[in-house]
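Here is what Swiss-Prot records for this protein:
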- 1-19: signal peptide (SIGNAL)
- 20-110: domain 'Ig-like' (DOMAIN)
- Asn40: N-linked glycosylation site (CARBOHYD)
- Cys41-Cys107: disulfide bond (DISULFID)
- Asn93: N-linked glycosylation site (CARBOHYD)
Amino acid sequence: MLLEHLLIILWMQLTWVSGQQLNQSPQSMFIQEGEDVSMNCTSSSIFNTWLWYKQEPGEGPVLLIALYKAGELTSNGRLTAQFGITRKDSFLNISASIPSDVGIYFCAGQ
């Protein structure tokens with residue numbers, strides 16, 4: 001019998017460019033184990049680098065994926081991130097979510 005776990009993935013905003021605003025969506029989500037998850041960051045400014053982090057309770061942020069080129073698509077296990085062609089957005093996808101995916105996810109542009 002397969003147990004389904006309710007996962008809560010929360011994320012917040014982080015930007016490294018003074019005065020720049022990043023918009024992330026969704027702000028929070030509830031998903032079932034095994035579901036795919038998509039998150040995105042957008043900005044009115046152009047960035048040369050997009051970074052995705054995860055922070056678990058009681059821990060510091062950990063870099064998951066760094067993107068350096070417009071249009072770049074990078075995978076790391078079940079994680080896939082893309083740097084938008086316009087250099088104003090980035091997307092993070094988690095396939096087949098598992099309970100250890102619960103955490104706070106940050107995007108950063110610089």
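Glycine residues also receive a Cβ, built from the backbone N, Cα and C atoms like all the rest.
Positions of the features from Swiss-Prot, shown on the structure.
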residue : record                      : Cβ within 10 Å
Asn40   : N-linked glycosylation site : 16
Cys41   : disulfide bond              : 27
Asn93   : N-linked glycosylation site : 15
Cys107  : disulfide bond              : 30
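Note: the CA-CA distance between Cys41 (disulfide bond) and Asn93 (N-linked glycosylation site) rounds to 12 Å. With respect to their backbone Cα atoms, Asn93 (N-linked glycosylation site) and Asn40 (N-linked glycosylation site) stand 9 Å from each other. Across the structure, Cys107 (disulfide bond) and Asn40 (N-linked glycosylation site) are spaced 8 Å apart at their Cα atoms.
In the domain 'Ig-like' (20-110), the DSSP tally of helix, strand and coil residues is 3 helix, 50 strand, 38 coil. When pLDDT is averaged over the domain 'Ig-like' (20-110), the result is 91.
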